[in-house]
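Engineer: Structure provided below as structure tokens; questions to follow.
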Amino acid sequence: MSSATDTSGLRQRAVNGNGKSVAPSEEGKKTDQLLDSHTQYEFGGPWGVLAIMTGFPILMYYLWICLVFYDGQLVGPKSSDDVVPFLGRMWEHIRVDANPNWYAWKVYGGLIIYQLFLAWLVPGYMQEGLPVPSLGYKTLMYKCNALGCIYITWITAAVLHYTGIFRLTSIIDNFGHLMTVAMIVGFSVSFGMYFLTVATGNQIRMSGNFIYDVFMGACLNPRLGPIDLKMWLEVRIPWVLVFFMAVSGACKQYEELGYVTPNMAFMCLATWLYLNACIKGEECIPQTWDMFHEKWGFLVIFWNFAGVPFSYIYSVVYMSTHDPENYRFSTPTYVVLYTTLLTAYYVWDTSMSQKSRFKMYTQGITTYRKTFPQLPWGVVENPKYIQTAHGNKLLVDGWWAYSRKPNYVADWIMSLSWGLCQGLCSPIPYFYSVFFIAVLVHRVGRDFERCAIKYGKDWEKYCSIVPAKFIPGVF
Ligand code: NDP
């Protein structure tokens, strides 16, 4: 077993690297095989995932109804006699204000088709992914053209808005209808992909339980021509919609008030930063857990089609339907809010970049894409790392010298700021940060468990060098 915290091996690999498969040691291959087989249920097993699959859509409807129709306050039946009438009132809102009407199908379906069309045609930066154990450590190529596609989408949206063909304000006005369509698409694609994958024999890591396998997914690398569907869906629908919702809210304020509040402008900036980070660093996405480990099942599909766009920007929905006097802050408060966002963004962007580029470097990739904005310290020069017996290297430098998840901490602070921008008007816009912390803590548990199996004693060594899971000295 070899371990080191110098960089010589890394440089050697970089010099010798042919940019192709970097196969691990024999021991590493055995653990990879173990990690690619189903050993235990996660998320509470079949019953747990069934509860998530039914509970989340209901929760999303409930929160939206409270936000829009009950002044942002969480409501419930007033007495035991009121339970049935209360459920009736809720259902009436869904039936009338969130039915999947033809207009919503045209808008949401149009976005999907347009994004697929652009992803297919627009030229892009070709990025090699990580070696895939289930493909004999072959690496897949990823066409990273989100940057071009999204800029074209922004121009298209501006033309549609100014010509009046499609007013951006109609996104917020049709939130409920669009949400239902998104949910239907999320469910249909999840089940459809499961059946397609099983029918073509491309499934991996299956438990044998139908509902659990639909939830976790059957295939690892779904592709449609040159499009990697999993990577496509990570960005092109959820974060595009989140950004357009913020812009929609801003347009609505401008039309109704004659100006855009600093709070709504904050959400435009925050969602633009997130979307822009995803597109400018798209070549770093293949190195994330969602891409190299998570399969394309309900968990990822539903969340990207419906969960992210329709539950992360409740503050925008609130602010575009309520009087700005409710959420007007003092100038110093705005300064703190904007500074918090920009600082968290800086840590998030550079920590993700440091790890992804380190991983690319270990694969022999030494020239990086330069898209706007490239922030200082996005690449750690001569990084310190641990050489594991598995063959992989673990970065213990840059932000990764202080925390094992600096990116999660920064990402969570951004999510909190998305709720803070409307103050204490409603608890519902804080749903994103509350839900996200649960996701991240659960994800950390799953990730560290996997890494402990994968790296054994080297993982213990890594944890002793970087003891903080999240914030040094705190947690
Ligand atoms: P990470 O980027 O932390 O990736 C985890 C993997 O990276 C580990 O499994 C391990 O894989 C490798 N790794 C961990 N530590 C090191 C190290 N020190 N050196 C080298 N490799 C290391 O997390 P995710 O991929 O989960 O998340 C990426 C981003 O996406 C995060 O910022 C997260 O907040 C964000 N995200 C956002 C969501 C949202 O809804 N807003 C949802 C989910 C994620 P291995 O060693 O096997 O290569």
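Every residue, even glycine, has its Cβ placed from backbone N, Cα and C.
Because TrEMBL annotations are produced automatically, they should be read as predictions rather than curated entries.
Checked TrEMBL, it gives:
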type     : residues : note
COMPBIAS : 1-10     : compositional bias 'Polar residues'
REGION   : 1-29     : region 'Disordered'
TRANSMEM : 47-70    : transmembrane segment
TRANSMEM : 103-123  : transmembrane segment
TRANSMEM : 144-163  : transmembrane segment
TRANSMEM : 175-196  : transmembrane segment
TRANSMEM : 233-251  : transmembrane segment
TRANSMEM : 257-275  : transmembrane segment
TRANSMEM : 296-317  : transmembrane segment
TRANSMEM : 329-348  : transmembrane segment
Engineer: Which one, 144-163, 296-317, 329-348, has the most C-beta pairs under 8 Å toward the transmembrane segment (47-70)?
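Structural biologist: By Cβ pairs under 8 Å, 296-317 leads among 144-163, 296-317, 329-348.
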Engineer: Using Cβ distances below 8 Å and needing 3 or more such pairs, separated by at least 6 in sequence, tell me whether the transmembrane segment (296-317) contacts the transmembrane segment (257-275).
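Structural biologist: Contact between the transmembrane segment (296-317) and the transmembrane segment (257-275): present.
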Engineer: Can you work out which residues elsewhere in the same chain, 6+ from the ends of the transmembrane segment (175-196), have a Cβ less than 8 Å from its Cβ atoms?
Structural biologist: 57, 60-61, 64, 68, 93-94, 97-101, 103-105, 107-109, 112, 213-215, 217-219, 222, 245, 296-298, 301-307, 309-310, 317
Engineer: Test of understanding: applying the rule of at least three C-beta pairs under 8 Å (pairs 6 or more apart in sequence), is the transmembrane segment (233-251) touching the transmembrane segment (103-123)?
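Structural biologist: Checked: the transmembrane segment (103-123) vs the transmembrane segment (233-251), in contact.
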